[in-house]
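Novice: Here you go, one structure.
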Amino acid sequence: MHPRVLAGFLFFSWTACWSLPLPSDGDSEDLSEEDFQFAESYLKSYYYPQNPAGILKKTAASSVIDRLREMQSFFGLEVTGRLDDNTLDIMKKPRCGVPDVGEYNVFPRTLKWSKMNLTYRIVNYTPDLTHSEVEKAFRKAFKVWSDVTPLNFTRIHNGTADIMISFGTKEHGDFYPFDGPSGLLAHAFPPGPNYGGDAHFDDDETWTSSSKGYNLFLVAAHEFGHSLGLDHSKDPGALMFPIYTYTGKSHFMLPDDDVQGIQSLYGPGDEDPYSKHPKTPDKCDPSLSLDAITSLRGETLIFKDRFFWRLHPQQVEAELFLTKSFGPELPNRIDAAYEHPSHDLIFIFRGRKFWALSGYDILEDYPKKISELGFPKHVKKISAALHFEDSGKTLFFSENQVWSYDDTNHVMDKDYPRLIEEVFPGIGDKVDAVYQKNGYIYFFNGPIQFEYSIWSNRIVRVMTTNSLLWC
């Protein structure tokens, strides 16, 4: 990620707007006129350069397709220049109000603070949390950045601080209005005088310290990144990615992309509690290994660490998402997954628990324990799973064994477990992930995948794991 000039304090003048002929995907017949108007507004807000007076540059009107392409590229979508369901879904996700483009040539250089000791002041509070909860969230959010830089943050209670923090609704005094519940959550301004560094939070949102509503700590940590001079990142695993995703209750660790960005401005600190920071996986890494694979309504989901790639059958470029985008109830990292097409369900496993999802929605009464499937107590995790729709059987792989589950009678088959090498000779004694396609089973073991013929019961081809992602 590169720290660039931000547009947080460039004001919008909607009197200068015009109609943009937004192209659509011919297959997306369910898109409404309201959807197209929303998409136009989104692109104007986040992908059109403005001049210092806040007026949209008229040269941008002829480049609507380019802006749509830029937005699709930024979020790792298939770049078509046409509005489709996937693009619209991304546009409708809750996000930061700072634009994603860096074409704001009104500043001579990248902005950063010229000092390491900064002050902040909480001007007012949200009624959603106690004062102490709000103060704790902001204190933690600043610590995210001070842990990896020489920066120090001190709270003051009166006067003007470097970073003034406030809650407001709709038009709240900076000519950059909020939009009510969801949508735009907050915005912040880059280092500088007046509004410079200030962070504003939409009080029409429900702010929480949990997975419900919007977690104030996570949003604040992101906004304070802007207050320090960081732009949005294209890395979906970065804190500075513009879309909000709840990342879990466990201790937050600043991703490597954000560390590199902030240290390029202020240098490293000497009190970083972590020797390593989480990195987003590279799909073309020759040593790539996988955690799980499953199909979902014709698409393929490929899980690695706290992410999954979404691979469309007619596309080469895979889209990368956080696993938590399924929902905050899911774990950050999973062990196994499989689809049950006739029930329109996928099952996701982590440790001794599993979840059932219909599409991207988690079913009630989950998670359940894997012991309910018939696994004995000594089985601590499922490493891979594969469902056969025609026979109603599901194979579960755990350590060096494979189990066969009868989905019709909801019992384990009597002749199992068996050794993996005995049932599928040649693939090794463990399976990281597995899926089937066109009469072949694909077993993944570290950086290697085996193409196994169901008809001849033998390996017919050995490939690299990353070839699944067209590398």
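Numbers run from 1 along the shown chain.
Cβ atoms are placed via backbone N, Cα and C, with glycine included.
According to Swiss-Prot, the protein has these features:
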- 1-19: signal peptide (SIGNAL)
- Asp162, Asn194, Gly196, Asp198: Ca(2+) 2 binding site (BINDING)
- 264-283: region 'Disordered' (REGION)
- 273-283: compositional bias 'Basic and acidic residues' (COMPBIAS)
- Ile293, Ala337, Ala385, Val434: Ca(2+) 5 binding site (BINDING)
- Tyr366: phosphotyrosine (MOD_RES)
- 428-471: repeat 'Hemopexin 4' (REPEAT)
Novice: Determine which residues of the same chain, besides Ile293, Ala337, Ala385, Val434, have their CB within 8 A of the center of the CB atoms at the recorded Ca(2+) 5 site, and list them by sequence.
Specialist: Ala292, Thr294, Ala336, Tyr338, Ala384, Leu386, Ala433, Tyr435
Novice: By CA-CA distance, flag whichever of Asp162, Gly196, Asp198, Tyr366 among the recorded positions is nearest to Val434 (Ca(2+) 5 binding site).
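Specialist: Result: the closest of the recorded positions to Val434 (Ca(2+) 5 binding site) is Tyr366.
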Novice: Could you tell me which three-state DSSP class Ala385 (Ca(2+) 5 binding site) falls into?
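Specialist: SS state of Ala385 (Ca(2+) 5 binding site) = strand.
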Novice: Based on DSSP, name the secondary structure state of Tyr366 (phosphotyrosine): helix, strand or coil.
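Specialist: Where Tyr366 (phosphotyrosine) sits, the three-state DSSP reduction gives coil.
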Novice: I'm trying to understand the geometry here, so how far is the Cα atom of Tyr366 (phosphotyrosine) from the Cα atom of Ala337 (Ca(2+) 5 binding site), in Å to the nearest whole number?
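Specialist: On Cα coordinates alone, these residues lie 15 Å apart.
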Novice: What Cα-Cα separation, expressed in whole Å, is found between Ala385 (Ca(2+) 5 binding site) and Asp198 (Ca(2+) 2 binding site)?
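Specialist: Asp198 (Ca(2+) 2 binding site) has its Cα 49 Å from the Cα of Ala385 (Ca(2+) 5 binding site).
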Novice: With a radius of 8 angstroms around the mean position of the C-beta atoms of Asp162, Asn194, Gly196, Asp198, what other residues of the same chain does the Ca(2+) 2 site pick up?
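Specialist: Leaving out the recorded residues gives Ile163, Met164, Phe189, Pro191, Gly192, Pro193, Tyr195, Gly197.
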Novice: Looking at the binding-site residues Asp162, Asp198, which sits with the largest number of other Cβ atoms within 10 Å of its Cβ?
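Specialist: Top count of Cβ atoms within 10 Å goes to Asp198.
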Novice: Taking the Cβ of the residue listed as 'phosphotyrosine' as the centre, how many other Cβ atoms fall within a 10 Å radius?
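Specialist: Cβ-Cβ neighbours of the residue listed as 'phosphotyrosine' within 10 Å number 15.
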Novice: Around the C-beta of Val434 (Ca(2+) 5 binding site), how many further C-beta atoms are within 10 angstroms, looking at every protein chain?
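Specialist: There are 28 of them.
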